[in-house]
């Protein structure tokens, strides 16, 4: 990967980590309260889901670079609006822009980088690992800096201004350093119809893609449990003066993802991508359930890091299989479907929590969602068929 491209991936992830570390606190300081916080999080999530697939199709049709530039502008606008947001309406608009930025960025630059790497004879696992490691470093450093800047002032103006400025820098760097080949002009309506047909045909013809997307829904639901409830569990089992360490543990988790991403190519060389893929899928649910049951803060940290290592390994192996199964013409569209599958899992987890938590408390969601996902993954594995037990590049 070129240094300029690596810098763009890093800065974009750094900006995300910068805000994500204290996003809920920012919303509370700019128009939300504890009762309406979930509404604004939902606005962001729904905006992302609604734009996820259209953004991938548009990226394949009109250019991945253009969509990534639009993503940078939307993210910068979201952070800029947050600085001045003191009413629910303006905060809601900012959430919509943030969702649009997330949707437009999902897969656009990644698919372009993978496409160029494949055309030059590069290794899929290596390029996916390089992207994951670079983004993981950006997220980790961004989370640490976000915690520091977040403590500097109550309004988070400096943090938000920094994030907006970084996204503007990402826009400029992308405009100058990302090169793409010109696409043959066609009538827009015809292009959209053809792209949708290619997307549907790809899903119908590839069992591997259907398998990956189905398993991703289950993974997304399990991962959401950790993302939503780990802070409360850690605070409950850690000493009272350890609350400050949440940001450090968050950054440590990102570092663990980097470690997993860096380790995946070596493990894949020994095991193969598909066996490694299934290993991470089956390992995640019981480890997440163990985190929910944990009562010792030191053991909690170890399990939390292990979860992120598994996620790092699994993400690279999953994306390697996904990229090997799709054509360049619909790569961004398929990545959007993949991202959409993960977000559907998040929604399923949220709906389940609304039913489970009032009856059995948080421990119920920690056990029921992961164990249910494990049972469904087992059924998926047993019914997948022999032909999906090898990567598509190995088939005749």
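Just so you know, glycine gets a Cβ as well, placed from its N, Cα and C.
TrEMBL entries are annotated by machine, without manual review.
Note that the structure is predicted; figures quoted are calculated from it, not measured.
Of all ranges given (203-222, 363-382), TrEMBL attaches the label transmembrane segment to 363-382. Against the transmembrane segment (274-291), stretch 363-382 shows more Cβ pairs under 8 Å than any other of 34-55, 130-149, 335-357, 363-382. When averaged over the domain 'Major facilitator superfamily (MFS) profile' (1-387), pLDDT in the model lands at 83.
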